[in-house]
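Report on one structure; see the data block that follows.
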Amino acid sequence: MALSAETESHIYRALRTASGAAAHLVALGFTIFVAVLARPGSSLFSWHPVLMSLAFSFLMTEALLVFSPESSLLHSLSRKGRARCHWVLQLLALLCALLGLGLVILHKEQLGKAHLVTRHGQAGLLAVLWAGLQCSGGVGLLYPKLLPRWPLAKLKLYHATSGLVGYLLGSASLLLGMCSLWFTASVTGAAWYLAVLCPVLTSLVIMNQVSNAYLYRKRIQP
């Protein structure tokens, strides 16, 4: 027997709620896992994976889930209030990423090694630069009077698209980091595959949220 449209809608909404809740838990759990693994403070380098996972796994994921209609932790706030919280979380993510990038460059300098020559390093640098541009673009949405010639709807569309690309870049840098000698020397077997699934899962949830809640809606409008 075929399901009614209303039943399908309820099932789909329940699945999105469950996936959003999973994204919250996975983003936090992955960041804690990396922190335990890296033991921040044990060396200069130890702060790099902690800060980068905090930036691209936890803070950035939470910044985007703020707008989720099913799994936002800030439902009680107005749209404007959630937008400001989103910008604050994104700014914190950028600061953590900049600090993490700076510390690993300093670490490489102290060892006399080349830096930003691996795919992980290059992806990380690109993700940090993209995050900086994204935060700058967010100012135009917080204060649209600064860009009077640009329709607000188009600004939101560009910001959403760019933000999704930036998030995927951050996730890619995390995935490449998990292929590094430092990570693979400590995490092997099933644990490694489970760790890899974390940014993959959160990326899928964020892609679904942005596409369905904004990009797809804009595409079907005349």
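For all residues, glycine too, the Cβ spot is worked out from N, Cα and C.
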* To do: Would you confirm whether, in Swiss-Prot, SER46 and ASN208 belong to the same side of the membrane?
  => no
* How many Å separate the Cα atoms of HIS48 (heme b 1 binding site) and HIS86 (heme b 2 binding site)? -> 24
* Structure fact -> Counting Cβ atoms within 10 Å of each Cβ, the densest environment among the binding-site residues HIS48, HIS86, HIS120 belongs to HIS48
* Cβ contacts of HIS159 (heme b 2 binding site) (under 8 Å, same chain, 6 or more positions away) -> GLN134, GLY137, GLY138, GLY140, LEU141
* Please give the average pLDDT for the topological domain 'Cytoplasmic' (208-222) in this predicted model. => 65
